[in-house]
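The repeat 'LRR 2' annotation in Swiss-Prot covers 52-74. Positions annotated as repeat 'LRR 4' by Swiss-Prot: 98-120. Positions annotated as repeat 'LRR 5' by Swiss-Prot: 121-143. Sequence annotations record features per position, and here Swiss-Prot assigns compositional bias 'Basic and acidic residues' to 239-250. Summarising the annotation, Swiss-Prot assigns compositional bias 'Pro residues' to 264-274.
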Amino acid sequence: MGNTIRAFVAFIPTDRCQSYVVGDLREMPLDRMVDLSGSQLRRFPLHVCSFTELVKLYLSDNHLHSLPPDLAQLQNLQILALDFNNFKALPRVVCTLKQLCILYLGNNKLCDLPDELSLLQNLRTLWLESNCLTRLPDVVCELSLLKTLHAGSNALRLLPGQLRRLRELRTIWLSGNQLADFPSVLLRMPFLEVIDVDRNSIRYFPSLAHLTNLKLVIYDHNPCRNAPKVGKGVRRVGRWAEETPEPDPRKARRYALAKEENQEPPPPLLPSSS
């Protein structure tokens, strides 16, 4: 019986189906939150735009590819979830919601972000994971209050040098990209607390010991020849994470000599397992 009902709903024309799903949502919820996640929406229900005091709007896991201009009426919105949809471009109306603090855009088909995103100067958290980004859009570097950036599972090869302007940034997730080298800009961001570069193509890690606020670095599933050196109390997740981060003097000398001769450094000397 349940399968029959699901099959019936699946074949209701789009407008009727949306009425069926959100038909009871006619008044502003007392908690100022609307959650339409997983509602099979193909078009945004316009009457939600009349809830001008709305603070949280969850539209995750639908079939949306556009948003109406009327969304600009939601000027009190602080959290907007658009992840797991079909957006190929971020609707510019989102950039008019200047009170946004958290924006979820993961699992879409985004290749870039509009310059207007810089208008969201209250944004603290931005999720861009599992899109089609081959570079981190420069506009991200203009979000001066950003504290958490999730850009994992894209096709990033480099990070822009301007990223160091984000002095409030504390957590950056870059797992599942195409980084061949540890991003040098991160070495100039001593305020970072969490760095995740899991599942990339990084072969050598520079010392991170000077990043005095660092608490966690995740570097597993890289073809690395060494573990990153970190300060006392910093947790490492990855190969050789339990080994001492202090370099063996012999290894340091051999590495320096190989570098002078423009040769590939020899494999690191690891402590024996005994």
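Glycine is no exception: its Cβ is also placed from the backbone N, Cα and C atoms.
Residues 83, 98-115, 149-160, 162-163, 165-166, 168, 173 of the same chain, all 6+ positions outside the repeat 'LRR 5' (121-143), place their C-beta atoms under 8 angstroms from a C-beta of that stretch. For the repeat 'LRR 5' (121-143), residue counts in helix, strand and coil come to 5 helix, 3 strand, 15 coil, using DSSP. Counted with DSSP, the repeat 'LRR 2' (52-74) comes out as 5 helix, 3 strand, 15 coil.
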